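For reference, the structure discussed in these notes is given below.
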């Protein structure tokens, strides 16, 4: 039986939501991850240090595994102040701030309307060493949804990278060959997370033979050529790419609807899904760097000391999973996953 032992991984981009669902989402994310960076687009969004610390307490109250530490992020708005950034940095619990272009994704209506509005904040982040996390899509109606990422790179991110050369930036959940190239050509202060579902699927999986709402996420799945570029980047061993699931649960009825929500739930089996991709590419030896080394190295945090073991042993995913008083349909529901984590 094939086994692979790696340093305990981290998830550098996950949505846990809030309220009674935390018991379920925290259970899944803490099963084998050492740390997870918790996204702040809750309702209301986590816009202050006090809100971030209170949210962290609610996460810890949901009784994660003892080895797990939640890392917090601030939600940037047009009104975020440099003083708030300094306060967040001083807390020792908030490690990043997130740029959501207004209206780009779930609960992002309070986001930034123009990057220029937060330039004083970005300057403060550069000064104190706080990372900028970026949802890389424009939201103007004239830009096709499949082109939102490339347009963002050209019109928004490139100027930020140029104007703040010492600011560490993570381009989150990249979905295009254009983003891969952008990150590869940028300096060492620019990196990217890649999700399991963008490695495993392309837009055909979502649209051919009927609409499959559980594959609907933002940024949206792209054509296969972009998927192949993401797989090549993730499995390459490059230190610029690391694991961020963007696991984003919604209740089944919110997904299977006339106007369904964006987000795919993968926290139930994230490392196992990534292992399938790396095995298919013949690059299992690079999984540890992607899952366990590149993220903490970029964030300036120590690597985890413990290990986890993956075993090539298939197991069936449930058709649905508990989600507070409701249920969530996970990726690969009713199908087998080829790897098991012990």
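Think of each number as a place in line: the chain as shown, counted from 1.
Note that Cβ sites are derived from N, Cα and C of the backbone, with glycine treated the same way.
Copied over from Swiss-Prot:
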| type | residues | note |
| --- | --- | --- |
| ACT_SITE | 246 | active site |
| BINDING | 13, 15, 98, 246 | Zn(2+) 1 binding site |
| BINDING | 15, 16, 17, 41, 135, 218, 250, 262 | substrate binding site |
| BINDING | 98, 135, 173 | Zn(2+) 2 binding site |
| MOD_RES | 98 | N6-carboxylysine |
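Excluding 98, 135, 173, which define the Zn(2+) 2 site, the same chain contributes 13, 39, 99, 100, 105, 133, 134, 136, 172, 246 within 8 Å (Cβ to the Cβ centroid), listed in sequence order. Counting every protein chain shown, the Cβ of residue 13 (Zn(2+) 1 binding site) has 27 other Cβ atoms within 10 Å. Residue 15 (Zn(2+) 1 binding site) sits 10 Å from residue 250 (substrate binding site), taking the C-alpha atoms as the reference points.
The separation of residue 13 (Zn(2+) 1 binding site) from residue 250 (substrate binding site), Cα to Cα, is 16 Å. Around the Cβ of residue 135 (substrate binding site), a 10 Å sphere holds 26 further Cβ atoms from the protein chains shown. Compute the center of the Cβ atoms of 13, 15, 98, 246, which mark the site for Zn(2+) 1; besides them, the chain residues with Cβ within 8 Å of that center are 14, 37, 39, 41, 133, 172, 173, 244, 248. If you take the Cα of residue 17 (substrate binding site) and the Cα of residue 173 (Zn(2+) 2 binding site), they are about 18 angstrom apart, rounded to a whole number. A separation of roughly 13 Å, to the nearest angstrom, links the Cα atoms of residue 246 (active site) and residue 98 (Zn(2+) 1 binding site). The secondary structure of residue 98 (Zn(2+) 1 binding site), as reduced to three states from DSSP, is extended strand.
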